[in-house]
Amino acid sequence: MYQRPKYLATAIFAVDIIAFYHSAANSVNFSSYVLRVVHGLDTTPKTNCGRSADGSVPTSLIAEEWSHKGISILAVTSVCLILAFAPKFGVYLSNILGFFKLTMLSLVVAAGFTALAGNTKAPRPDNFSSFDGAGDACPLSTQAYKNAPGSAANFALALMQVLYAYSGWENANYVLTEVHNAPKTLKRAAPLASLIVTALYILANVSYFAASSKHEIANSGTTVAAVLFTNVFGEGVFVTRILPFFISLSILGNLFSQAFAGSRVKQELAKEGILPFSRFFASDWPIKTPTGGLLLHWSFTVILIAGPRSRDAYAFTSSLYAYSQVWIQLMIACGLVYLTLSTERQWRRERTSFHTSNYLTIPWAVCLLYVLFAPFMQNSIITPTIPWYVVPTVGCSIFVLGTIYWVYWFRIWPLFGYSVAHEREVLPDGSERIKYVRQKDKSSLRRQVVRVTFT
């Protein structure tokens, strides 16, 4: 799609995948449900969208912070170790947990229909009594939430969270080399899986609003499903401990799928010679698993878990993940429009198995533009402690960092009389790695051309 400047798009994509494709949000989500299992009920202070009754931001106890962070780091560490040293067991476990997640979503939907029938332990929230519903999500009359529901940026951030919720469909594309009869399988599985998940997710949201007030949903953090079950079935042991345990297992399946796919993409970038120490990160040691890619995935996940405070970690890391991915999706959408309209590339003739319609791609690109630029307007719904401009600013840094990396490789080296060439190297597992090397240009004419070009 983007062949010029050469390697620039690859460098930008590499920065996005290495730095922002992580499992931090799901790791924090997992720890929240584990702690709910341990405590029986949610022990975090009740707030109004992250703020106390006086409008201030409550502080977290150190023990609470590190219990969250410790469980999150332990979870992603265990997942990466299993995929590195017991890959077949890891894939088997991931498939079992994926089926388990569908079961839990079905249970959430069933609980929602129970609430719609009026069979709940908690008072009915009446969210469907009118277009806006009863009550208020954040009743504080502080400046932080003034006019928040009408903010275009807040709607964009909500859409970004929707995109994050549905992220994962691309993981199958990342590992197609390990799928039997990939084109045929993808054509059947992708639409079927998308339709099933879409139906379950929409019904799950109906369930949440059928059984929980807007205030409860906004202040439940990552444990909104636990609040739903408590409101419908009461506060018995099954609801307060067993169901949250089952939900934590379904979240663990997300960690496996993200680490499985993400590590392979990182390994392929290393095999392309794009990353520093590419031979190390392209390694399949010791049992033909992407251990180098898993190490990269684990490292950046742990950094993002340890950075923000626990209450803000999920909202911040999931929004950052989604925002950076939206940039890549926009680049793909624009590239698809170009490929379908270009007469020079003959893409339609070359790719006869898969086609895309501009009637779908162009409106999709316009929606992505809204999601990308609206968050630069002041808003209030990411976290109370992280400034509103941090997520879009850091998300846009993939272009800056990618361009800097590309300039170093393909613009600075030639200034010193070098040209970048690539050599193919066969790794012990039989796969190929492209090794980019600096070669001293022996042609004085070539050095003069380079010097003139970059002066």
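A Cβ is built for glycine as well, from the same backbone N, Cα and C atoms used for every other residue.
As annotated by TrEMBL, transmembrane segment applies to 7-24, 66-86, 98-118, 189-211, 223-247, 320-341, 362-382, 388-408.
Within the chain carrying the transmembrane segment (223-247), a Cβ under 8 angstroms from the stretch's Cβ atoms is held by residues 32-33, 36-37, 40-42, 100, 104, 108, 111-112, 114-115, 119-122, 207-208, 211-212, 216-217, all 6 or more beyond its ends. Take the transmembrane segment (388-408) and the stretches 7-24, 66-86, 98-118, 320-341: counting Cβ pairs under 8 Å, 7-24 has the most. Away from its own ends, the transmembrane segment (7-24) comes close to residues 1, 72, 76, 79, 254-255, 258-259, 262, 265-266, 269, 272, 274-275, 296-297, 300-301, 304-305, 313, 317, 320-321, 324-325, 327-328, 331, 395, 398-399, 401-403, 405-406, 409-410 of its chain (Cβ-Cβ under 8 Å, at least six residues beyond either end). Proximity of distant same-chain residues to the transmembrane segment (98-118), defined by a Cβ-Cβ separation under 8 Å and at least 6 residues beyond the stretch ends, is recorded for 124, 196, 200-201, 203-204, 206-208, 210-211, 225, 228-229, 231-233, 246-247, 249-251, 253-254, 257.
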